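Here the structure comes first, spelled out in structure tokens, and everything after it is commentary.
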Amino acid sequence: CFSLSGHISVCLYAYWGESNVVVLTYTPCVFQVSKKDFDGFKKLFHRFLQVKGPSVDWPKIHRPPEDSIQPYDKIAALPLPDSLADSLNKLVVVKLNGGLGTSMGCKGPKSLISVRNENTFLDLTVQQIEHLNKKYNTDVPLVLMNSFNTDEDTKKILQKYTHHRVKIHTFNQSRYPRINKESLLPVATDIGMTGENADVWYPPGHGDIYASFYNSGLLDQLITEGKEYIFVSNIDNLGATVDLNILHHLVSQPNGKRCEFIMEVTDKTRADVKGGTLIQYDNKLRLLEIAQVPKAHVDEFKSVTKFKIFNTNNLWISLGAIKRLQEQNAMDMEIIVNPKTLDGGQNVIQLETAVGAAIKSFDNALGINVPRSRFLPVKTVSDLLLVMSNLYSLEAGSLTMSQKREFPTTPHVKLGSSFTKVQEYQTRFESIPDMLELDHLTVSGDVTFGKQVSLKGTVIIIANHGDRIDIPAGTILENKIVSGNLRILDH
């Protein structure tokens with residue numbers, strides 16, 4: 001419908017069930033984008049209504065065949081060609097940039113948090129790709145998949161990279177309405193994002209990359225420019241750098257057996273028991289997430305002995321295959337139902353998909369069991385402490401474990417609630433401790449660290465409620481438990 005009262009508006013009628021009609025009003029400038037979002041949501045919602053019971057039949061789950069998950073060492077053993085530039089010129093790096101830094105107490109996009117030497121996640125990404133382009137004289141572009149939460153702030157900051165040797169493109173993932181858990185009606189009353197509508201829209205998970213990338217026109221543009229593969233990863237995974245061995249493996253396959261999808265997996269530890277794993281299901285390689293597991297089998301799913309690997313969300317995907325599957329409407333991903341409670345107490349659900357779940361739609365899909373070093377996510381301030389420390393060396397935007405560390409495992413660090421927000425954390429460390437010989441660190445309560453503190457072995461520091469512990473400058477703590485009250489006062 002069209003309204004001519006001073007300006008044109010466009011209405012979309014959405015039918016929920018037999019009798020419910022929701023009218024969302026758009027101005028023409030956002031109509032095309034909103035219509036594509038709405039069409040995508042409608043498909044997802046209808047699938048949600050049709051699916052009954054668990055999405056997997058547990059007895060049909062099998063371990064993947066041995067040749068479907070290749071050890072990284074086998075791929076790295078193959079000699080790299082002299083023409084690496086040819087392979088790199090077929091590649092696009094895509095970073096998932098839809099998340100905010102709220103879990104670490106920061107406003108705005110998470111990618112703009114400083115993680116090392118005042119460099120943000122985005123700075124390090126640009127440095128990595130620029131280094132490749134300069135070293136091999138190539139043109140590997142960076143593509144950011146933003147959300148409506150991150151797009152505006154990200155685009156402002158991109159101006160600083162104008163003179164870097166990296167072409168940067170962006171596109172937005174979709175915007176879907178949250179659904180009332182009881183009525184299954186959208187909570188949104190109009191397309192606006194302010195006031196009552198501030199928290200009724202959501203970005204529908206990174207599985208939305210396929211449709212949004214295709215709808216943006218950028219996918220076709222990159223194919224026209226001769227690009228063949230994308231390397232997709234979370235922007236907060238500092239281990240997800242372009243790997244030339246995996247890239248060579250992709251582009252060197254004969255045409256008939258071209259691998260359209262590679263998922264990097266790595267060995268599961270006790271800290272990763274909830275991570276998605278690869279299984280064989282209906283003769284296809286498939287990603288199994290914990291949300292899909294029947295309650296009776298959750299403990300079995302978490303078993304490190306039965307399911308030995310988990311998905312790092314580092315993915316290598318054929319652009320041509322994405323285009324084909326989108327145009328055939330053949331991209332098959334399980335729906336993740338994510339329950340939320342809005343600020344006013346209203347219970348809603350949001351329907352999401354995961355990018356890795358599409359693996360079963362692609363031909364000749366493969367898993368590669370990569371070293372743990374390719375999975376270095378920064379989800380918490382505890383993770384931030386690790387990557388800021390001397391455990392890692394920084395070169396050309398890439399973090400690698402310091403050669404001075406005698407064993408390759410990462411220490412287990414658990415900082416308490418006093419360290420949850422980045423600003424609080426920064427005030428508690430005069431300088432980042434030496435952690436080269438650390439195995440385990442637990443800190444709880446009101447604790448501060450002076451300059452040049454060294455932590456070795458297992459260190460546990462607990463300040464009881466009302467107490468404070470100041471670790472003096474130059475302290476060396478090796479296999480120590482510190483508790484009680486220790487104050488350093490100026491005189």
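In case you wondered, yes, glycine gets a Cβ from its N, Cα and C as well.
The annotation UTP binding site is assigned in TrEMBL to Lys110, Gln173, Gly205, Asp236, Lys379. Counting every protein chain shown, the Cβ of Lys110 (UTP binding site) has 24 other Cβ atoms within 10 Å.
The substrate binding site annotation in TrEMBL covers His206.
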Radius 10 Å, atoms counted are CB only; among the binding-site residues His206, Lys379, which position scores highest?
His206
Cβ-Cβ neighbours of Gly205 (UTP binding site) (radius 10 Å)
23
Quick one: give me the count of other CB atoms within 10 A of the CB of Asp236 (UTP binding site).
22
Show which residues of the chain containing Gln173 (UTP binding site), separated from it by at least 6 in sequence, have their CB under 8 Å from its CB.
Gly98, Met145, Asn146, Ser147, Pro203, Pro204, His206, Asp208, Ile209, Ser212
